[in-house]
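Before any comments, here is the structure.
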Amino acid sequence: MKNVLSIQSHVVYGYAGNKAAVLPMQLLGVDAWALNTVQFSNHTQYQRWKGMVIPKEQIAEITQGIADIGALSECDAVLSGYIGAAEQGQEILNTVNAVKKANPNAIYFCDPVMGHPDKGCVVAPGVAEFLVSDAMSQADIIAPNLVELRELSGLTVENFSQALAAIEAILAKGPKTVLVKHLSKVGQDPNKFEMVLATQQGMWHISRPLHEFVGRDPVGVGDMTSAIFLANLLNGKSEIEAFEHTANAVNDVMTVTKESQKYELQIIPARNYIVNPISQYKAVKIA
Ligand SMILES: Nc1ncnc2c1ncn2[C@@H]1O[C@H](COP(=O)(O)OP(=O)(O)O)[C@@H](O)[C@H]1O
Ligand SMILES: Cc1ncc(COP(=O)(O)O)c(C=O)c1O
Ligand SMILES: [Mg+2]
């Protein structure tokens, strides 16, 4: 069994961060060691929440605790997502370095969760700058959405070809694989939900239905996307197989969520589709 140290948010109610990542990875047979960066009552897109940012020292302390029992070498990947404060950033990279020292085959998957003006995702000051200046170059895989693609590349991204150029710019900054979780308005078809996977072998595109949600789009989808993609890779799937499985599994969860008419991701009711998606959308090689 493979193991992922998942350093993300924890929400007590609902699904985002580790609550959107841990169960999907475990359903796929990969164990997730949840190290929480915050403990919030709920995700921040409710615009109100209680709880706390976990002190940065906890990241090193928990890492040391796992090292002390000789288990750090069992970690096959560090997955970072929602960071609670900028000062947690370097602690996360220290943990990545410690894991890679204990297991030279381990990888670092960075989901560069940044604040999202129109979605209302609230991220602490300085986190985006840390992701651009420090985390990106250390990441083996990075999974931006459109806002994050613009910030990480530092380029204008207003159409599909500019998105591909931005991906190339990120590949030149360290990551070996870029998974664009959502092309949003720079996709080829405004009525579809599109993703791009860029690897050392080229670029692939996948398109799935764009579900219309009344009012608010569900949150935590990017976290779930990154988790499912990583778990598939650790299970030995090719990057393309992992890409297709991820797009199809996430689409099925979105379908179940839409049918439920609930705001929170319906991961538990849709749990069988995470393992065996019914959607069958295929990746198309574009470069
Ligand atoms: N198939 C789909 N149809 C409609 N909306 C979707 C679909 N899949 C994901 N979404 C929505 O797209 C948005 C993806 O958010 P985005 O900021 O692009 O990435 P992230 O999920 O990392 O924040 C989310 O609001 C999610 O609810
Ligand atoms: C606490 C928390 N964790 C994680 C996320 C990331 O969610 P998403 O996967 O939609 O980017 C958010 C977004 O608002 C959040 O508030
Ligand atoms: Mg996100």
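Here, residue 1 is simply the first one shown, and the rest follow in order.
Positions of Cβ are set from backbone N, Cα and C atoms, glycine also.
Among Asp223, Asp252, the residue that TrEMBL places alongside Ser9, Thr44, Gln45 at the substrate binding site is Asp223.
Annotated ATP binding in TrEMBL involves Ala143, Glu148, Lys181 plus, out of the candidates Asp111, Asp118, Asp134, Asp217, the residue Asp111. Here the Cα atom of Thr44 (substrate binding site) is found 18 Å from that of Glu148 (ATP binding site). In this structure, Ser9 (substrate binding site) is part of a beta strand by DSSP.
Residues listed for substrate, Ser9, Thr44, Gln45, Asp223, cover a largest CA to CA span of 14 Å. Filtering Thr44, Gln45, Glu148 by Cβ distance to ligand 3 (under 6 A) retains none of these binding-site residues. Of the chain residues outside the ATP site list Asp111, Ala143, Glu148, Lys181, Pro112, Val113, Ile142, Pro144, Asn145, Leu179, Val180, Gly222, Thr225, Ser226 have their Cβ within 8 Å of the site's Cβ mean position. Listed in chain order, the extra residues whose Cβ falls within 8 Å of the Cβ center of the substrate site residues Ser9, Thr44, Gln45, Asp223 are Val11, Ala16, Gly17, Phe40, His43, Tyr82, Val113, Cys121, Val219, Gly220.
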